[in-house]
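All remarks here apply to the structure that follows.
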Number of protein chains: 2
Amino acid sequence: MSEIRRDIIIGRSIIIASNRAKRPKNFKNKDEIKGSNDCPFCNGFREDILLEVIDQNPSSIEGKNSWRVRVVDNKFPTLKSTGKLTEYNHGFFQKMNGIGQAEVLIESMKHNSSLGSNSLDHTIGIITALKLRYEQLAKDNRLKYIQIFKNFGAKAGASLEHPHWQIIGIPIVPLMVKEELEGVNKYYKQHHNCVYCDMIRYELADNQRVIKENEFFIAINPYASRYPFETWIIPRTHQHNFSDISKKEINALAIILRDMIKSFEVGFKDLSYNILLRTAPLALKNQQGYHWHLQILPRLNIQAGFELATAIFVNPVPPELATEELKGIGII
Amino acid sequence: MSEIRRDIIIGRSIIIASNRAKRPKNFKNKDEIKGSNDCPFCNGFREDILLEVIDQNPSSIEGKNSWRVRVVDNKFPTLKSTGKLTEYNHGFFQKMNGIGQAEVLIESMKHNSSLGSNSLDHTIGIITALKLRYEQLAKDNRLKYIQIFKNFGAKAGASLEHPHWQIIGIPIVPLMVKEELEGVNKYYKQHHNCVYCDMIRYELADNQRVIKENEFFIAINPYASRYPFETWIIPRTHQHNFSDISKKEINALAIILRDMIKSFEVGFKDLSYNILLRTAPLALKNQQGYHWHLQILPRLNIQAGFELATAIFVNPVPPELATEELKGIGII
C-alpha cells in the first residue's frame, strides 16, 4: 500500500510506493525499458478493458477483435482505487493513504506504432478516449486532480516501449498546479485578462516562437523554455479544463499534435519525450482562471545538481532557435 | 552571452545559455561523460588557479607541483562574471543578462579518486576550500545566492568523469530557496523554533531514519524523501549559513560525508549522485530562519511525466528501509 507523505518544510507531497520497494543491488544502472518480448500491451489486457476505440477498417491487423485504442487499469498503480481517504499525524509529520485512480491508455495494437505516424482518425480516437476517461474519473469525489501524461522512451522514464498514456487521479492538488494557478490569478487581478490568452496574442504578433497555428490551437516554444525544444500546444479559445474541448477542437488538436510529434520523430534520432496535460483542478471547474494546454518536453539533457538545487533550468537552445529548427524539419 | 528569462506565469527563472546552442542532430542519445583521455582536470588548469590546497605528503604522485584540491574558473560558465546586472522588458516578457560567477573545485589530482576513499585531511581540504570560495564570492554584491553542488556520474548530469564540485554565484534568489524559506518562517511563527532543529530532535528520538550521528552532524533519510536513498546531512547547531561552519565542525562533516559516500560506493554499483548545499540567501546573512544542510541525491530512477507535471515525486523506497539498508552496508 502506498502512502502520500507531506514534506513539513515546503509542503510538497511525495508518494512512497512501498509495494515497489527495491534493495540497493536491485537498481539497475541502465535505463530499463520493456521491449516487444511478452509485451503486455500487445495483447491489450483483454480481460480488463475500461474503454475501447474500435477500428472499423483494420487494414494491417487481422482478426475480428482488432481495436485502435484501449484504456485499462494500471497493473502497477502508483495510487490504489479502493478505500477511504484518511489523513494521519505520523509523529512530527503528516501523511495520507495513497488513494487514487491509475489507468493506462494503450495507444495502438501495434508495438511499433507512433503518435507521429498514426492516422488522423486514430489520433482523434486517442484524444477522445482521454477526454472520456477524464470525465469518468472526475466523478470520483475523493479526487482533486487528474493528471494525464505520456512517457515515451527510456530517457523519459517509460518502463514499457509500447506507446501508451497514463491517467492518474490524485486526492490532492499538486503544489506545482497551485503555484501556476496563483500566477494566473495574480496576472488576472492586475490585467483583467487571462495570461495565456494575452501570451497567445503577443506570440502571434511577435512571430518568433510560433511553430504552427490552426483555427483552434497554437504551438509555441515558450519564452522561458526549461527544456531544449520544449513545445506548448494551447487552445486559442479560453478554456480552463481539458474536458471543455469540443469535437471540432479535438480534430484540430489531433492534427497539430500529430504533426509536432512527427517533426520530433523526423528531426531527432530516437527521441525520448514526455507529454503533459496542464488543466485546472477538479474543484475549480467553474472558475475562469486557468487555460489548459499540452506541454511536450523532449528529454535531451539530464537535470544536474544546479537544476535540482535551485529549480533554475539551464537551457542550451533559445526557443527562437528551436522554432526555426522545428519549422526547418519541414513537416509543419 | 547567456540570459536569465522569467516565466511570466510561475515567476521561475530559466537560464538560456545560447553560447552552448545545439541543433537537433547534435544531441547525442547516450549519457555523455568525458573520461580520462585528455581530461582537463588531470592537468589541473595550472594557469588559472583561484585557490589551491597543497598536499604536504604526496605519497602516490611524484613531482613538486603536487596538490590536493584546486579551484579554477569554469571554462564553460553558465553565467559570466563581467558586466553590470540589468533587467529588461522583452515585449510581453522580462529578462536580465546572465551575470554570475562559475567556478569548479577539482577534488583531486587523480582522475579515479573518489569522495569516499579520500583521506580525512583531503576531505577537510575540500570542505575548507568550498567555504573559502563561498566567502570570496559572497563579497560580489551583484550576487544574491551561491549554489555549491557536485554532479558525479553521467546519470547525475556530470559532463566530466574527474571528480569535481561546482560553485555558481547567481544574481537572483532561486524560487525553490524562496519557497523553502517561506516554509521555515511559517513554522517559526507557529512554533517559535527552527523546523530543522525540531526535526533533528524528533528523528533522534524516533530513531527510524537516522543513519549516523556525531557530535556536530546528523545524517538522515528524510521522512518525505523524493529520491530512493535520499540522504540529508544536517548540522546539529542552528546555523543558517554554510560559511558559519567552524574548524571542528568541518572535521566532523568530513567524517560523516566521507562515510556516507563510501556507503553509497560500496552498496551500489556505479552510482551516479548529486550533492547539493542548501544554505540561506546572501542577503539573509543575519536572520535566524534558515538551517543549512547537505542533500545527497542518488540518481537511481528517472523523473517521468507524472513527476514533471505535478512535482509529486514517486519514491519506491521508504526512507525507513533506506536507513536500514544503508546501515547494513557496514561502513557507518
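Cβ from N, Cα, C; glycine included.
Not measured: the values here are computed from a predicted model.
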Additional site residue, A:HIS111, A:HIS238, A:HIS240 [criterion: listed by TrEMBL with A:CYS39, A:CYS42, A:HIS162 for Zn(2+)]:
A:HIS111
Enter the number of other CB atoms within 10 angstroms of the CB of A:CYS42 (Zn(2+) binding site).
14
Rounded to the nearest Å, what's the C-alpha distance separating A:CYS42 (Zn(2+) binding site) and A:HIS164 (active site, tele-UMP-histidine intermediate)? Just drop the number here, would you?
11
Return the single residue from the recorded positions list (A:HIS111, A:HIS162, A:HIS164) that has the minimum number of other CB atoms within 10 Å.
A:HIS111
To what whole number does the mean pLDDT across the domain 'HIT' (A:195-306) round?
94
What's the CA to CA span in angstrom from A:HIS164 (active site, tele-UMP-histidine intermediate) over to A:CYS39 (Zn(2+) binding site)?
12
Might you list, by sequence position, any residue in that chain lying six or more from A:CYS39 (Zn(2+) binding site) with a Cβ less than 8 Å away from its Cβ?
A:HIS111, A:LEU160, A:GLU161, A:HIS162
